[in-house]
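Input: a single structure, listed below in structure tokens.
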């Protein structure tokens, strides 16, 4: 059985790797068609400018964003891969349009869009084939917002002229704002607005002038701009944002007048002093968000947790992690291993040490990957790997293999290559270390008491301190097993090995299969019932393949035929299920349930603006603790009545799929994983109450009594 851990570790690692696919000039999603374009009517010449561009064709009613997205959204980003010496400039952004959404206003684009970029060709370029690569990321929105990305590649043949998209590049150039010669502008703060004087316009605008601010976090995008024309001067009164976060010395904006769709760019020096900034934080522009007033304030507990205290919390949280339901399947495997070596003290100690090393190193490796992805701009938190349907499907396959192995359907020793089987025989401690890695993989959906605050601090510390906290977390998780291995008195509490272990081994297959059922349910929540059924079919095919590989056969030909049949069935099932694993993010699937409404920063802001308390359940389908609390404490009829009596707005933030907006809100609360339960009072005078991960009705009632 134990060689399975080697296969398990490889499977878990493979689940993190993206599917390799050939890149081309076009990427099509359900909402946009994007294409990498080149414009070089005179060819690619040394010392000249080459124009590249990303053309985005939106589905009706969908939009992407300008460089300042407005109240919410995310600007499209382009990361170029060019030959040495080629230098890409900034995007020449066309003039956007205003996109009102309730009380918010965004800046963006609909229908057909081109984002052109000038590229300076080096003086030493001697011609030849030119290979261009691009990684683009954009946020596309309708009623919901979906982060999308694409990798593009294009090759320009040597000495070729490329002008097939001249009309689109020319039309975009005509729609791009330009500086107005001879014009000047100044601004000053008057109360809660900017008074802007623009001089040098060719004539009085025939209608309303639109003001598009390039500076983020300064103006109220949705407020009406008052305007007046007198003595050749256009005066604009632009309301400031109540949550203003910047005080620029020079404002940059685009002015668009009727009949001038491209508009003019203006730089506006601010005369005099700005008033002091308010205490509210600005809404993050990285993801769809509400105005800053609805951003959750940071929770005091994690913010005040010292590094040494975080280490203590990490150790306690790791130890308590063994009591979380997600760890039970691997817990049974480890107990079985301890019983096996009860009479071999030296082997038990070595196995305990190897298991501890596997747990600690796996926590550090997973933390290192998380920190690296966050450093690259990804909004991720603890348990991020389970937000991938591919990883969940891989984990379901892994537990199916473990269950089949325990049930005696097949033995890896009979199918492993001789060299690998020999290596395993010489290095039995590798199995213990890999069992530690498996324990970390299945434990990551859980957050135990003390653990949430420690992880919240870890993700705000420099990498060495953060990795130290994760290492101590792993040490805490492994500590009970290491103690049993090191202390003879504890080891003697275990039953003696005997014939009963054969039946117990088969019995342990059923917790594995139960885990598979749970993982399939998680997959259904993340994707669709079709994807869940497709993966279930893959698991049936996997079981058939294992049976075929494990069935004794007298002739080599029969064994090969059985093995080939099993692998063909498995490959066919994977081929059919693979397309079904593409899923909509959790925001699309969030629906109201009884008294609960889907979470959004807008909903939080509206409730608090109305003076209502807010209770938020940060949850995920793959978090068993979350689901237990949801079906017990948070479904308690009397507690729901208490919420109603206090007029509390109940919101549920579903983190089953990656949602950077929820990740940001968890970070504001000093947390990096779920479950998290937070209660806000009716006004800002009361700090938010972050409740324990192990929730009780009395705990919630106590919190309600404080508001």
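Backbone N, Cα and C atoms are what each Cβ position is placed from, and that goes for glycine too.
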Requested in this report: Tell me which range among 267-287, 561-581, 582-602, 603-623 TrEMBL lists as transmembrane segment.
Outcome: 561-581
**Report entry** TrEMBL annotation of transmembrane segment - which of the ranges 241-265, 466-490, 641-665 it falls on
**Finding:** 466-490
**Report entry** Per TrEMBL record, range annotated transmembrane segment [choices 352-373, 682-703]
**Finding:** 352-373
Query raised in the report: In TrEMBL, which of 190-218, 393-421 is labelled transmembrane segment?
Result: 393-421
Report task. Could you name the stretch, out of 352-373, 466-490, 502-523, with the greatest number of CB pairs under 8 A to the transmembrane segment (529-549)? Result -> 502-523
Report summary line: Residues outside the transmembrane segment (502-523) whose C-beta sits under 8 Å from one of its C-beta atoms, at least 6 past its ends, are 1, 328-329, 332-333, 336, 386, 389, 392-393, 395-396, 399-400, 402-404, 406-408, 442, 531-532, 535-536, 539, 621-622, 624, 656
Query - Sequence-remote partners of the transmembrane segment (466-490) [C-beta within less than 8 Å, at least six residues beyond its ends] - result: 307, 310-311, 314-319, 321-322, 334, 338, 345, 348-349, 351-353, 355-356, 359-364, 366-368, 371, 436, 439-440, 443, 451, 454-455, 457-459
Query raised in the report: Which value does the mean pLDDT take for the domain 'Thioredoxin' (577-707) in this predicted structure?
Result: 81
Query raised in the report: Looking only at the domain 'Thioredoxin' (577-707), what are its DSSP counts of helix, strand and coil residues?
Result: 55 helix, 24 strand, 52 coil
